[in-house]
Amino acid sequence: MAASLYLRTPKLTPSFHTLFRPLSISTTKSLNLPSTSTVDFFPPPLTHHHLHRFYATRAQSTEKGKFDFDLFTIGAGSGGVRASRFAANMGASVAVCELPFATISSDTSGGVGGTCVLRGCVPKKLLVYASKYAHEFEESCGFGWNYVTQPKHDWSKLMANKNAELQRLTGIYKNILSNAGVKLIEGRGKVVDPHMVDVDGKTYTTKNILISVGGRPFIPEIPGNEYAIDSDAALDLPTQPKKIAIVGGGYIAVEFAGIFNGLKSEVHVFIRQKQVLRGFDEEIRDFVGEQMALRGIKFHTEESPQSIVKLPDGSLSLRTNKGTVDGFSHIMFATGRRPNTKNLGLEGVGVDMFKNGAIKVDEYSRSSVPSIWAVGDVTDRINLTPVALMEGAAVAKTVFANEPTKPDYRAVPSAVFSQPPTGQVGLTEEEAVKEYGDVDIYTSNFRPLKATLSGLPDRVFMKLIVCAKTNKVIGLHMCGDDSPEIVQGFAIALKAGLTKADFDSIVGIHPTSAEEFVTMRTPARKIRSSNSEGMTGEVKAAARV
Ligand SMILES: Cc1cc2nc3c(=O)[nH]c(=O)nc-3n(C[C@H](O)[C@H](O)[C@H](O)COP(=O)(O)OP(=O)(O)OC[C@H]3O[C@@H](n4cnc5c(N)ncnc54)[C@H](O)[C@@H]3O)c2cc1C
């Protein structure tokens, strides 16, 4: 396997086949881009070089007069907005089409900003904030706080405030596009030929097409699935669930389990496997599951749903391979997402796709049709907002700045906003053993300072994975308060290729949980393939040797 693959993120969606293609590091010099943000407030400054290109590209388009646009983007989510705005700032004439706004997506509804802003990261995190207070109220009692009456939560107020914020954000995204000179066309886009897009019956010619239509939740075909909700609906329920079943063990499932549990719904999670978060480090999987169970979430492991029945009293029963659980007010499926490539005209023009509908692209995000590019979830590489932003920026640079740029997938950090949350970057122990054979594992499992007075059973788990040969830290994982914030910083160290000795040379910040990452002195275990007496590194790791 290529060395450039040695730092990759754990799986966040069920299918990551494309990530395992050989990837190489972009060696092109970097453009002056703003730091990654879910909201694109600051366009990159136009340098002399860009101004030159601005005139060159405009002149070219006008000269030829061949196309209405240099770039036509279908889908104004994270990747589409980033690519369109950057392309326009580089001098291209750009149009983007997007479906009309709605909180719940469909074939005919979406909204400028896309999944992250309207039905993903942002509303999800707002609900995580809302739900975390319950735990904090509990913690506060040990610190001397008491409440004359129990704090009460107002679900309708939360939904109203959240929806007002979504309206504000979609407005900001529209402004970003218009300030960059991108023409926004409302409607459903469809590819007619390699240089033509149809939006609700009106056609536009274009030199390049960018497909950034993302994906939508998928509910399996089982009897009664019409009573199930998906993550779009779960973020915008008119009333709070009293008792909810969440089917699925991926990051979206565990995040929603935390949200509803914090808000005091009764939460049951049904997973096909023994643990949540397939593809993540095994110890993290165990730890998250244990901590969530301690907070009151009921896990039904190795249980697959078979049907849903609605009873005359309106309650829902979920039948699985192991029996039936009754009395649910809601049943949510978080069982994966499918790329939005149905009826997009792609087959007709010869764009190659995977079985699940994801568009096949090369390392520059170019499809099998040279004028058609694709970024973000529709390509099913790493389905995260900052990755879609990186891919969108790379396409703009490749096509309009004449600087061929490959997205750099090494050491992409990620988080799960479960309660407690996780953060991770680099390899899992299982991947590290497979790839390097000899690795040293450092772990720390401790009661954080806050828990001493709160009296709650909260713990923190941290793990470093070190390549025995080079001493480089190749994996870093954490579950506990603030881990997404902490891991974002440490991701720089991993990507920079720092060694365990570098980590050890850092003075800790005391008292924090994060200081543990620079004070772990003794390995919990050393895994060696050489003296394994016939055991492969993988088997030894599984056996926790
Ligand atoms: C519940 C949930 C939580 C998430 N949490 C996180 C998180 O915490 N961190 C993180 O990094 N990522 C998170 N993600 C993933 C993140 O939202 C996606 O990776 C990201 O939005 C992908 O961006 P995109 O540009 O590929 O597509 P999208 O943002 O999905 O945008 C695609 C756009 O295309 C539009 N569209 C579709 N078809 C057409 C058409 N034919 N014509 C016109 N427009 C069309 C859609 O309406 C949509 O607006 C989460 C996702 C979900 C569902």
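Cβ coordinates are placed from backbone N, Cα and C, and glycine is handled just like the others.
Take the NAD(+) site that TrEMBL assigns to Gly248, Gly249, Gly250, Tyr251, Ile252, Ala253, Val254, Glu255: the candidate from Gly171, Gly336, Gly345 listed for it is Gly336. Listed in chain order, the residues near the NAD(+) site other than Gly248, Gly249, Gly250, Tyr251, Ile252, Ala253, Val254, Glu255, Gly336 are Ile246, Phe256, Val276, Leu277, Ala334, each with its Cβ within 8 Å of the site Cβ centroid.
Ligand 1 lies within reach of none of the recorded positions Gly248, Gly250, Val254, Gly336, His510, judged by a C-beta closer than 6 angstroms to any of its atoms. Ranked by how many other Cβ atoms sit within 10 Å of their Cβ, the disulfide-bonded residues Cys116, Cys121 place Cys121 at the bottom.
Spatially close to Ile252 (NAD(+) binding site) yet at least six residues away along the chain are Ser231, Ala334, judged by Cβ distances under 8 angstroms. Cα spacing between Cys121 (disulfide bond) and Val254 (NAD(+) binding site): 14 Å, rounded to the nearest whole number.
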